[in-house]
Amino acid sequence: MSNVHVIDHPLVQHKLTLMRKKDASTNSFRRLLGELSTLMAYEVTRDMPLQDIQIETPLETMTGKVIDGKKLVLVSILRAGNGFLDGMLNVVPGARIGHIGLYRDPDTLQPVEYYFKMPSEMAERDIIVVDPMLATGNSAAAAVARLKQLQPRSIKFVCLLAAPEGVATLQKAHPDVPIYTAAIDRELNDHGYILPGLGDAGDRIFGTK
């Protein structure tokens with residue numbers, strides 16, 4: 001699993017544990033997710049390419065470094081992925097935002113796209129796909145396949161929790177796409193929930209059932 005990165009920073013692990021607690025309120029869960037996504041954004045963007053530019057400080061001219069290439073794109077897998085956006089935008093406020101909506105066909109159990117909205121000129125952009133949970137991995141794999149049609153420079157997948165099954169599915173379909181997660185949990189149950197997990201991330205973010 002050389003392309004799987006578990007972010008084990010103490011603050012990330014501390015906040016994730018607080019989110020897992022069943023008595024965490026919607027407000028607390030949402031706040032912690034924002035803080036976690038900000039912390040994770042630092043790790044995920046660590047290898048972004050840089051270019052040299054000449055600038056004027058108040059005292060002299062110097063060569064500084066800025067991010068190279070087109071603006072980064074954050075792509076949320078609806079709806080729970082939206083909970084990642086504000087925290088990540090704290091780190092990369094100039095990023096563009098895309099959304100992709102998928103549901104599982106009850107007969108085939110395969111993901112079906114119902115919404116796809118991206119910024120213009122996606123070719124040669126770096127994309128970070130966000131979804132709190134990597135469970136079966138089918139939706140993540142479908143989303144990445146759809147995004148590859150736009151010929152981006154790179155794609156990364158970021159989640160809070162991953163199941164081994166989801167990691168295997170996404171890696172098999174897209175071995176070139178790195179996975180960043182705060183934890184890899186034990187397994188999926190019969191209903192497709194990650195164990196021990198944290199429940200339904202979308203419901204806990206938005207206060208729904």
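Even glycines carry a Cβ here, placed using N, Cα and C.
Summarising the environment of R79 (5-phospho-alpha-D-ribose 1-diphosphate binding site), the number of other Cβ atoms within 10 Å of its Cβ, over all protein chains shown, is 16. R79 (5-phospho-alpha-D-ribose 1-diphosphate binding site) carries neither a helix nor a strand DSSP state and counts as coil. The 5-phospho-alpha-D-ribose 1-diphosphate binding site annotation in Swiss-Prot covers R79, R104, D131, P132, M133, L134, A135, T136, G137, N138, S139, D200 and is backed by sequence analysis.
For G199 (uracil binding site), other Cβ atoms within 10 Å of its Cβ number 15. The feature uracil binding site is assigned by Swiss-Prot to I194, G199, D200, A201.
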Could you say whether, by DSSP, G199 (uracil binding site) belongs to a helix, a strand or a coil region? coil
Cβ neighbours of M133 (5-phospho-alpha-D-ribose 1-diphosphate binding site) where a neighbour is any other Cβ within 10 Å: 27
Using a Cβ cut-off under 8 Å and a sequence separation of 6 or more, which residues in the same chain sit near G137 (5-phospho-alpha-D-ribose 1-diphosphate binding site)? A163, E165, G166, V167, A168, T169, L170, A173
